[in-house]
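> A single structure is presented below for examination.
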Amino acid sequence: MPGSPRRAPGLLLQALVAMVSLALVAPFGLQPALWPMPRSVQVFPRLLYISPENFQIDNSPNSTAGPSCSLLLEAFRRYYNYIFGFYKRHHGPAKFQDKPQLEKLLVFINLEPQCDAFPSMSSDESYSLLVQEPVALLKANEVWGALRGLETFSQLVYQDAYGTFTINESTIADSPRFPHRGILIDTSRHYLPVKTIFKTLDAMAFNKFNVLHWHIVDDQSFPYQSITFPELSNKGSYSLSHVYTPNDIHMVLEYARLRGIRVIPEFDSPGHTQSWGKGQKNLLTPCFIQKIRTQKVGPVDPSLNTTYVFFDTFFKEISRVFPDQFIHLGGDEVEFECWASNPNIQNFMKKKGFGNNFRRLESFYIKKILDIITSLKKSSIVWQDVFDDQVELQPGTVVEVWKSENYLNELAQVTASGFPAILSAPWYLDLISYGQDWRNYYKAEPLNFEGSEKQKQLVIGGEACLWGEYVDATNLIPRLWPRASAVGERLWSPRIITNLENAYRRLAVHRCRMVSRGIAAQPLFTGYCNYENKMEK
C-alpha cells in the first residue's frame with residue numbers, strides 16, 4: 001500500500017472509513033459520494049485544485065502497460081471527459097495557481113496487463129489509489145482493476161460553488177466482494193437497439209458491474225443472426241431489421257471488453273423455444289390431443305438424434321462468437337404436457353425405462369446439452385429449475401437461483417451439493433412498485449443462509465434481472481438505474497456496508513452523476529441535480 005498523503009498542519013482528521021458519511025469532505029450535493037463504497041477509504045481534509053487545461057491521466061513510466069495499451073488510452077480519454085464533461089474553458093490563467101494542485105493521475109499496472117484480452121471470472125479487479133499533491137497514483141495488477149480505480153477517482157472529483165474542480169487527498173484500497181456482478185437484459189420480448197445496449201454497458205461500468213447476461217432469444221423472437229443457421233433469425237425474429245448481426249455482436253463484445261465487462265449469452269432450452277421452431281424444422285415437439293396431432297408445438301424434442309446434431313453445431317458457433325468461458329443454458333419452466341401427449345415421446349421413454357417420469361426425460365436432454373458444452377471446453381450456467389428437477393449436473397455447473405420463495409434455503413441446498421451459485425431472486429427489477437424499492441434490493445444479503453464457510457464461498461455473485469415483457473428502449477435505462485445500483489453495491493462492497501440513510505445520501509449524488517453522464521436514471525425521491533438542464537447534451 002502507498003503511504004498516507006500529507007496532512008494539513010492542525011487539520012489532521014482520523015481516517016474516514018467506509019461507513020462514515022463523506023459529507024465531511026464537501027458540502028452536501030458536492031460531496032464525492034463513492035458508489036459502490038470501496039473496501040477501505042481514507043479521506044483527508046486537505047483540498048487539491050485541478051485545472052482541466054493542465055490535468056493529465058497517463059501511464060506510469062514503470063507500468064507493464066505502455067502507450068500501446070489501447071484499452072487504457074481509451075479509458076483515460078473517457079474518464080477525462082466524464083470528470084470535466086461540462087467544463088467551459090477559462091480565458092486567462094487559473095485563479096488558484098498559488099494553491100495546492102493535482103496535476104496528474106498516473107496509472108501503474110504491476111503484472112501482465114491483459115490489454116488485448118477479454119475479462120474472465122478470474123480477472124483481478126483490485127486496485128489502490130493514492131491522491132496527494134502533485135501526482136495521484138492508481139495501482140492495479142491488471143487493467144481491469146485500473147478501470148475500476150478510474151471510476152472511483154472520477155467520483156472523488158467535484159466542483160465547488162464557483163465551478164472550480166477540487167479533490168481531497170485520499171487513500172483507497174479496493175477489491176470486489178463477489179467476482180460475478182451481473183445485469184440481465186432480455187432482447188427477445190422486445191428488441192433493444194445496439195445503442196441502448198451500449199448505454200447499459202456505460203451505466204454498468206459506473207456501478208462496477210462486470211457481467212452482461214444477455215438473454216438474447218426466447219419464445220417471442222429469435223434476433224440472434226446465426227452464421228450456420230440463418231433461417232433461425234430470418235423466420236424467428238420480429239422482422240429482418242430486428243436482428244443482431246455478427247458485426248453487432250462484435251461491437252457489443254468489444255464495447256463491453258473496453259469497460260471490463262464480460263458478455264454471457266443465454267440460449268434457453270428445452271422450453272422457451274417457440275421462436276426456434278420457425279426456422280429449424282423438427283426441432284420442437286408436436287403436441288397431440290387424443291392422439292390427433294395439433295398445430296401446436298411444445299419444448300424441444302429430446303427423443304430425436306437430429307436435435308443433438310443441431311445443438312452440437314449451433315453451440316460450436318456460439319463458442320466461437322462469444323469468448324467468455326460460460327454459456328447460460330437456461331432450463332427453466334419446462335412444461336411436460338406436450339411431451340406427455342406425443343406418442344413418439346411416450347415410446348422413447350419406455351425404451352429408456354423412464355416410465356412416466358418426465359423429469360428423467362428432462363435430465364436426459366439437459367445432460368446431453370451439458371456434454372456438448374463440455375466438449376467445446378466451455379462451462380455452463382443453468383436456472384435453478386434444472387437443479388430442483390434433480391438433473392444430473394456436471395461438477396462446476398453454476399446454478400442461478402431465481403425463485404423468490406425460500407431462495408436462501410435454495411442457496412443452502414445448491415451449495416451443499418457442491419455447485420457454485422448465482423443469486424437473482426431478490427433482484428427482479430421488472431417487478432416494479434411504488435416508492436423506494438431500491439431499499440429492498442439493498443437489504444438483500446446473498447450469504448444470509450445457514451451453511452458452512454465452504455458453502456458460502458460457492459456463492460460467486462448475483463444479477464439484477466430486467467425481463468422485457470414491458471421494457472424496450474424507451475424505458476430500459478430509467479427502470480434499471482439507479483435501482484440496479486443498489487444491487488451493485490451489495491455485490492461489490494464489504495458486507496458491513498448496510499446503513500440505508502448513508503446509502504441514500506450517496507446514491508442520490510451518484511444518480512445525479514449518472515444523469516450528468518447521459519444516463520437517464522430515474523429519481524430516488526424529491527430533489528434536483530445540478531446538471532439537469534444539460535441532460536440532452
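Including glycine, each Cβ sits where the backbone N, Cα and C put it.
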> Look at the disulfide annotations in Swiss-Prot and name the partner of C287 from this list: C115, C338.
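Going by Swiss-Prot, C287 is disulfide-bonded to C338.
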> Which of the three DSSP-derived classes (helix, strand, coil) applies to N168 (N-linked glycosylation site)?
strand
> About how far apart, in whole Å, are the alpha carbons (Cα) of C512 (disulfide bond) and C115 (disulfide bond)?
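Checking the Cα atoms of C512 (disulfide bond) and C115 (disulfide bond) gives a distance of 31 Å.
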> Once the DSSP letters are reduced so that anything not helix or strand counts as coil, what is C287 (disulfide bond)?
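SS state of C287 (disulfide bond) = strand.
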> I'd like the number of other C-beta atoms within 10 A of the C-beta of C512 (disulfide bond), please.
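Other Cβ atoms within 10 Å of C512 (disulfide bond): 22.
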> What's the CA to CA span in angstrom from C338 (disulfide bond) over to N305 (N-linked glycosylation site)?
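The Cα atom of C338 (disulfide bond) is 19 Å away from the Cα atom of N305 (N-linked glycosylation site).
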> Measuring CB to CB from C115 (disulfide bond), give everything in the same chain under 8 Å that is also at least six residues away in sequence.
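Correct list: A65, S68, C69, S70, L71, L72, V143.
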